[in-house]
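So TrEMBL lists the following for this protein:
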DISULFID  Cys19-Cys30  disulfide bond
DOMAIN    99-265  domain 'Calcineurin-like phosphoesterase'
BINDING   Asp105, His107, Asp177, His291  Zn(2+) 1 binding site
DISULFID  Cys120-Cys125  disulfide bond
DISULFID  Cys126-Cys149  disulfide bond
BINDING   Asp177, Asn218, His289  Zn(2+) 2 binding site
DISULFID  Cys425-Cys429  disulfide bond
Amino acid sequence: SCLYDTNTEHVAHAVGEACIRLHLAEEKVCRDITELFRDDFIRALQESFLWPTEACALLLGPDCGHFDIYASWNITLPKVPKPPVVPPTPPKPGSPQSRVLFLTDIHWDAQYAEGSAIKCKEPLCCRNESGTPTWRHPGAGYWGTYSNCDLPLRTVENLLQNVAKAGPWDWVYWTGDIPAHNVWSQTRAQQLNELTIISKLVKKYLGPKVTVYPAVGNHESTPVNSFPPPFVQGNRSSQWLYDTMAEEWATWLPAEALETLRFNCCVCFGCFLFFSRYESTITGQFFGHTHVDQFQMFYDQETMTRPVGVAYIAPSVTTYINLNPGYRVYYVDGNYPGSSRIVLDYDTFILNLTLANGYADGQDGLAKPQPDPVWSLLYRASTAYDMPILFPSNWDALIKNFLTDDRVFQKFWYLMHKGHVSEPCKDTCKTSLICFLRSGRYDLLQQCDLLNRGKGQMTRSVRKTLC
């Protein structure tokens, strides 16, 4: 035990020194996050079957070894052949539609402080510990801030008040990431407190009659992204988190779902499953996490040219980084016998922080926050992109249009950032983004790297974005 403790200290110290010397973060952040990750990191190394060069490549990149966690792998499918493809068809005019609220990436910062510095040494600012602002930058705004900042609780509550008025909702998707981005200084008690408070607020404002389908985000745990597999038992397991989730979400989920939730196993670098076999069954794929407003295409396995599915990536509630707060509303075919359940359209709403914080109205230079700010419609997909319906073929045609009509692409770039973007996306930026939109399959990202001569840079950046 003594030898184990000594080796643990040596490993932790070496990692902390590397973080500091490589200028990955400010010294205190390096020390704190090393301490937070220490036990999980060393346990993972002990259980790992990787060679040292593979582990190095996974952690630091291809310059120190080779390892591709997304390498080709096989799964055995049933011998029953794939059902015949049934192309989607538009519903009859006037058919009922379901209105689905989508919330994601709230990232409430309990330490958010109006008037605090929006530029600081830490990865997250606008906090009590961020200090006072300089003359070059105003302090953090009342409702939120365009910077490396998350949200105050009042903005989250104001959002829930507004979506409650905009109901009723047929159901709600909520894809997690409740805590802020201060990942170096989080405790289990804080994570559970934030999970409980936000869950109770969602129940309070949306009411007992609407069903909410919550998902576990990568920020729910501490350390961030740490979801030990089921063979890890005791205090180092994730039961502290899953048990509280099951308690808080019991009013929404059936007993079977609560049971599987308690044994959930989530890993950051999980493999994508390709949904081609079930293209006539799966009618929608809904994601968050990137904080921006995007989509990704899936194509058939035979030719890789026929669009078979769309992954909708909804924008975040939080401002992190340099964004307006936002949320999404989907319109789905249903609820009636024989309804297809396909996504027909969607709206994206934002809180314009320039207006909400009163910067546009303060003639004397002082901000005058609006007491009841307006969450306004930024755009409707069918109108903004001139698409009569949102089939995979329509999204594929839109991407082709991006290549020939830069005006349409720049509009997408603006909407992607929820109406707050400082410069257009040109050249490599545009090529890489269009490639991302086409690449629901990871191996296609590698092809994009080859086309753009990126030497794997885009693949690694997307991997980082996804986690």
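Glycine residues also receive a Cβ, built from the backbone N, Cα and C atoms like all the rest.
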Based on Cα distances to Asp105 (Zn(2+) 1 binding site), point out the closest of the recorded positions Cys30, Cys125, Cys126, His289, Cys425.
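Minimum Cα distance from Asp105 (Zn(2+) 1 binding site) across Cys30, Cys125, Cys126, His289, Cys425 lands on His289.
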Of the recorded positions listed here (His289, His291, Cys429), which is spatially closest to Cys126 (disulfide bond) when Cα positions are compared?
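Among His289, His291, Cys429, His291.
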Just to be sure I understand the packing, how many Cβ atoms besides its own are within 10 Å of the Cβ of Cys120 (disulfide bond)?
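Counting Cβ neighbours of Cys120 (disulfide bond) within 10 Å gives 19.
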Taking the Cβ of Asp177 (Zn(2+) 1 binding site) as reference, which residues of that chain separated by at least 6 in sequence fall under 8 Å from it?
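Sequence-distant Cβ neighbours: Thr104, Asp105, Ile106, His107, Gly217, Asn218, His219, Glu220, Gly288, His289, Ser316.
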Cβ-Cβ under 8 Å from Cys149 (disulfide bond), same chain, 6 or more residues apart: which ones?
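Counting only residues 6 or more apart in sequence, the Cβ neighbours of Cys149 (disulfide bond) under 8 Å are Asp109, Tyr112, Ile118, Leu124, Cys125, Cys126, Arg127, Ala140, Thr319, Tyr320.
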Which one of these disulfide-bonded residues, Cys125, Cys429, has the sparsest Cβ neighbourhood, judged by other Cβ atoms within 10 angstroms?
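Ranked by other Cβ atoms within 10 Å, the disulfide-bonded residues Cys125, Cys429 bottom out at Cys429.
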Can you tell me the CA-to-CA distance separating Cys30 (disulfide bond) and Cys429 (disulfide bond), as a whole number of Å?
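Cys30 (disulfide bond) to Cys429 (disulfide bond), Cα-Cα distance: 31 Å.
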Cβ within 8 angstroms of the Cβ centroid of Asp177, Asn218, His289: which residues besides those meet this for the Zn(2+) 2 site?
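Result: Thr104, Asp105, Thr175, Gly176, Gly217, His219, Gly288.
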Take the C-alpha atoms of Cys120 (disulfide bond) and Cys19 (disulfide bond) and report the distance between them in angstrom, rounded.
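For Cys120 (disulfide bond) versus Cys19 (disulfide bond), the Cα atoms are 18 Å apart.
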If I take every residue in the domain 'Calcineurin-like phosphoesterase' (99-265) and average their pLDDT values, what number comes out?
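A mean pLDDT of 92 is what the predicted model shows over the domain 'Calcineurin-like phosphoesterase' (99-265).
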Fill in the CA-CA distance, Cys425 (disulfide bond) to Cys19 (disulfide bond), as an integer in Å.
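Between the alpha carbons of Cys425 (disulfide bond) and Cys19 (disulfide bond) there are 32 Å.
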Can you list the residues of the same chain, besides Asp105, His107, Asp177, His291, whose Cβ falls within 8 Å of the Zn(2+) 1 site's Cβ centroid?
Thr104, Ile106, Gly217, His219, Gly288, His289, Ser316, Val317, Thr318, Tyr320
Between Cys19 (disulfide bond) and Cys429 (disulfide bond), how many Å separate their Cα atoms?
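About 29 Å separates the two Cα atoms.
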Please work out the number of neighbouring Cβ atoms within 10 Å of the Cβ of His107 (Zn(2+) 1 binding site), leaving out its own Cβ.
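Around His107 (Zn(2+) 1 binding site), other Cβ atoms within 10 Å: 25.
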